[in-house]
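Taken from TrEMBL, the feature region 'Disordered' covers 75-103. If you look up TrEMBL, you'll see 75-89 marked as compositional bias 'Polar residues'. Marked as region 'Leucine repeat I (LRI)' by TrEMBL: 156-216. TrEMBL lists 235-300 with the feature region 'VHIID'. Summarising the annotation, TrEMBL assigns motif 'VHIID' to 266-270. Annotation comment: TrEMBL describes 316-348 as region 'Leucine repeat II (LRII)'. Annotation source TrEMBL lists region 'SAW' at 454-528.
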Amino acid sequence: MSSRVYRNIKQEVEPEPYCFPQLSPIDHSLCYSDSSHGSHFSVKNSHEHYCTLESSSANGTYTAYDSSLIVGFSPNGSPMSQQDSQSYPSDLHHSPDNTNGSPISVSCITDDVCDLRDKLRELETVMLGPDSDVIDSTTSPELAGWRLVMDAITRGDLKQVLVSCAKAISDNDLLMAQWLMDELRRMVSVSGEPIQRLGAYMLEGLVARLASSGSSIYKALQCKEPESADLLSYMHILYEVCPYLKFGYMSANGAIAEAMKDEDRVHIIDFQIAQGSQWITLIQAFAARPGGPPHIRITGIDDSTSAYARGGGLNIVGKRLSKLAEYFNVPFEFHAAAMSGCEVEREHLQVRPGEALAVNFAFMLHHMPDESVSTENHRDRLLRLVKSLCPKVVTLVEQESNTNTAPFFPRFLETLNYYTAMFESIDVILPRERKERINIEQQCLARDVVNIIACEGAERVERHELLGKWRSRFRMAGFTPYPLSSLVNATIKTLLENYCDRYRLEERDGALYLGWMNRDLVASCAWK
């Protein structure tokens, strides 16, 4: 806005000086009108304290741009702010009319957001009044953008306000971002509708992005780490109520069983074995194989995160699977490799001659840094390593989302769309008032959301890619597609009959996609 316009407005609005958030020119591509739950949201009360974020101050040019960089969730389920000291970036100290370079008093930033909102509405009246020939909506992108945001707030369009807030952060418009965060705190709730619940965690990510940096954001969540037994329980409930994990594991097991149907000695390398539950059904299937089961050896790779959920090391998984195999009279060995995928080398895998090899990458490769993060490029290094082992089949299961190399704002939009579908699918199974649902979303999904939005560089470990990109990586490593079994596909379709009819299964280009309504969420394929 030019200095002349600013002076004309300043003369007509009340004399007490204050600063207005500035909007970038309107971008109609940012508008959202596809909310499946309409524009208005009801906030349901809860008497529990939920996930909070304790953010340290940034190490950049400011400590905090306003008083609410620390956000938590109040007993009614919406975020609340804690007061902090104020200092401001130098470029926010000057009004468009301040030509001598002296800073404006901090008091020009109103502490009362409601008052600021009233003043903004008053400003609109002044700007568009019959006596004003300074500015109109057809010549002012700033005003048009501001009206878009105000209209979204008035309608209770939470998705649009989230998008506008992320755009303000992307444009480094800190005052606008803070104002919209204050509005968002009134709109989100961890016990509300799906978009309200997701919005609470996305808001937390936005606040964390401004308040701190890197791994400190991810670790600053004050969601008290649950007891390992509780975390395992939450993961099990998620596994039961949503078909995503079952779909991935079943499709991978089917491809491995098909490839190994005539083998006498089978070695399976699982790069993220977690609880090992995936292999229970496969061991049972091998036990029932005509002619008797093969000798099975499983190498389980996993890091400390899964160890915490298990309540111990990989030996727990080995003992559980060994007992199961013994019960079904299946010859069995277990080899533990307690390490991150980034640390795995050929010697850790103990490949033996005479064994048919299967490798499973289920919900794991997206955690490996690629060439955009590190020159070591562990994502492609692992694929080349596995190819050098001459496996008979390699299975891939990944979230169908594009958050790896995308800049912040498009990444935010992708995360919003993806997790909206995820939260909506949970909503049809678990009642909103159930504490288990809140715990599942908070402990199994919210941290991923915060990591995607708030972190950059090596600290951003949630780096999903679309299947098209994974195909390129596998082909560059020397793999060719392995056809999926039609019997397995039919079995998965039968599985989905036990769930909501809004889930959909589609086979295209040699891969299986599981989605919610019109959004693909998980993709599965096999290679050799």
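Glycine too: its Cβ is placed from the backbone N, Cα and C atoms.
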- Message: As a test of reading the model: what is the averaged pLDDT for the motif 'VHIID' (266-270)?
- Response: 97
- Message: Considering only Cβ pairs within less than 8 angstroms, which of the stretches 235-300, 316-348, 454-528 has the most against the region 'Leucine repeat I (LRI)' (156-216)?
- Response: 454-528
- Using a Cβ-Cβ cut-off of under 8 Å, list the residues of the same chain that are 6+ residues beyond the ends of the motif 'VHIID' (266-270) and lie near it. 256, 260, 276, 278-279, 286, 294-301, 349, 351-352, 355-360, 362, 386
- Query: By DSSP, how many residues in the region 'Leucine repeat II (LRII)' (316-348) are helix, how many strand, and how many coil?
  - Reply: 18 helix, 7 strand, 8 coil
- Taking DSSP H, G, I as helix and E, B as strand, the region 'Leucine repeat I (LRI)' (156-216) contains 47 helix, 0 strand, 14 coil
